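A.B. asks: When I checked Swiss-Prot for this same protein, it listed these features:
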type	residues	note
DISULFID	CYS27-CYS33	disulfide bond
DISULFID	CYS31-CYS43	disulfide bond
DISULFID	CYS264-CYS287	disulfide bond
DISULFID	CYS266-CYS335	disulfide bond
DISULFID	CYS309-CYS336	disulfide bond
DOMAIN	260-310	domain 'LRRCT'
CARBOHYD	ASN82	N-linked glycosylation site
CARBOHYD	ASN179	N-linked glycosylation site
LIPID	SER447	GPI-anchor amidated serine
REPEAT	178-200	repeat 'LRR 6'
REPEAT	250-273	repeat 'LRR 9'
SIGNAL	1-26	signal peptide
Amino acid sequence: MKRASAGGSRLLAWVLWLQAWQVAAPCPGACVCYNEPKVTTSCPQQGLQAVPVGIPAASQRIFLHGNRISHVPAASFRACRNLTILWLHSNVLARIDAAAFTGLALLEQLDLSDNAQLRSVDPATFHGLGRLHTLHLDRCGLQELGPGLFRGLAALQYLYLQDNALQALPDDTFRDLGNLTHLFLHGNRISSVPERAFRGLHSLDRLLLHQNRVAHVHPHAFRDLGRLMTLYLFANNLSALPTEALAPLRALQYLRLNDNPWVCDCRARPLWAWLQKFRGSSSEVPCSLPQRLAGRDLKRLAANDLQGCAVATGPYHPIWTGRATDEEPLGLPKCCQPDAADKASVLEPGRPASAGNALKGRVPPGDSPPGNGSGPRHINDSPFGTLPGSAEPPLTAVRPEGSEPPGFPTSGPRRRPGCSRKNRTRSHCRLGQAGSGGGGTGDSEGSGALPSLTCSLTPLGLALVLWTVLGPC
């Protein structure tokens, strides 16, 4: 019995020694290998120029960061079937073969960040990594995301793509990432957010898009983001944001929109109304235009502050000059179109209210102020705001040539003022007519002259005429 137990102890010791030898014996010269807390091969900052040969097959963690590795060949880690963490960040990687990570079905964390020469990744590189939950591709100089790059990464929760040179978000790029909770896209060159950019991200909690060049967001871009709690869009080129894009964000708690060239005119009314109802935490939304509202927070304005339209008259240039954009401007919004609003609110910036600008001086028929009409009219006559009531001359008094409503002559025959018994006596009427030097026209000659003559004579003159005609009594 004792002999059997002694044999078992020797066998157990032999197995333990064999396992230790498998880890320690083949450890590459520049690396340190240890078993606790997990089987680890650690080779950071050793000046390595290639992936070392002879990494223990039992390794669960491999640290190769901070070296001079420029290429990851195919099947470099195929023997490491138990690998869960692989760090290759802060190297000089310029190429990763499509099959570099083949066989790593248990891999959970892959860090490729800080490899500025990488620039592109083969779409098949991450295929087969079904358990991967964290992927670092930040600061890799990436210029595009190839089709199908993240296909099959159903377990991915954290995706770091910040500080690259990405210019676009292709449709359905993240479609398979149904469990993704954090997406970092800040610090790129993205100019627009298309409709299908974030399709399939039903679990997304945090979306960071700040410090890009975003000028347009499609109204349905955030349709699948019902669980999103944090959205950063600050430091972009946004002058307007459709509230249709914000409507699906029912769980949103943190919103940052500052450092954008917001135009606070009639186009901002829907966003203003949405912000009034938003109960989460939001940054200021400083206005860029019109000039009278520059620097003021859109959230703190009144609805009647958002009047008129700031319309560029010359060649288009981006409003915010901090970052150039190749995007073309959209057409006039509905509230700025002539059939939706008075043309007086669609004006050229910088043009004063004067008789030389017929558009500003025009007052539509039936648009007179209530009451007796004696007060000055407040007309939003430029994209830079409403003129005060004390402006001289009042806009309602400006009637430049050609601004009268059609169908009414601008000048006509002048009618001679007549006499009215309401305000004149009979004698005053006679004297006034005689003093006017006029009398009648040619129609008063002949038989019709006597009544006109008698109307214009004094009582003494009338008596003399009657005496001459009838003779002395």
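Note that the numbers count up from 1, one per residue, in the order the chain is shown.
Placed from the backbone N, Cα and C atoms, the Cβ positions cover glycine too.
In the displayed structure, how are the listed features positioned relative to their neighbours?
C.D. replies: DSSP classifies CYS27 (disulfide bond) as coil under the three-state reduction. When other Cβ atoms within 10 Å of the Cβ of CYS27 (disulfide bond) are tallied across all protein chains shown, the result is 19.
A C-beta separation below 8 Å, combined with a sequence spacing of at least six in one chain, links CYS31 (disulfide bond) to THR41, SER42, CYS43, GLN46, PRO52, ILE55.
DSSP classifies CYS287 (disulfide bond) as strand under the three-state reduction.
DSSP assigns CYS266 (disulfide bond) to a helical segment in the three-state reduction.
According to DSSP, CYS309 (disulfide bond) sits within a strand segment.
Sequence-distant contacts of ASN82 (N-linked glycosylation site), defined as residues of its own chain at least six apart whose C-beta falls under 8 angstroms from its C-beta, comprise VAL39, ALA58, SER59, GLN60, LEU106.
Counting only residues at least six positions away in the same chain, the Cβ atoms of ALA154, ALA155, LEU156, GLN157, SER203 sit under 8 Å from the Cβ of ASN179 (N-linked glycosylation site). ASN179 (N-linked glycosylation site) carries neither a helix nor a strand DSSP state and counts as coil.
Only residues 6 or more beyond the boundaries of the repeat 'LRR 6' (178-200), in the same chain, are considered here, and those with a CB under 8 A from a CB of the stretch are 138, 154-172, 206-225, 232, 237, 325-327.
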A.B. asks: If I restrict to non-local contacts, at least six residues apart, and a C-beta distance under 8 angstroms, what lies near CYS287 (disulfide bond) in its own chain?
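C.D. replies: TRP262, VAL263, CYS264, LEU293, ALA294, GLY295, ARG296, ASP297, LEU298, LEU301 - these are the non-local Cβ neighbours of CYS287 (disulfide bond), listed in sequence order.
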A.B. asks: I need the least crowded one of these disulfide-bonded residues (CYS43, CYS335), counting other C-beta atoms within 10 angstroms of each C-beta.
C.D. replies: CYS335
A.B. asks: What is the separation, in Å, between the Cα atoms of CYS309 (disulfide bond) and CYS266 (disulfide bond)?
C.D. replies: 6
A.B. asks: Once the DSSP letters are reduced so that anything not helix or strand counts as coil, what is CYS335 (disulfide bond)?
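C.D. replies: Helix, per DSSP.
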A.B. asks: In three-state terms from DSSP, label ASN82 (N-linked glycosylation site) for me.
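C.D. replies: For ASN82 (N-linked glycosylation site) - judged by DSSP and reduced to three states - the answer is coil.
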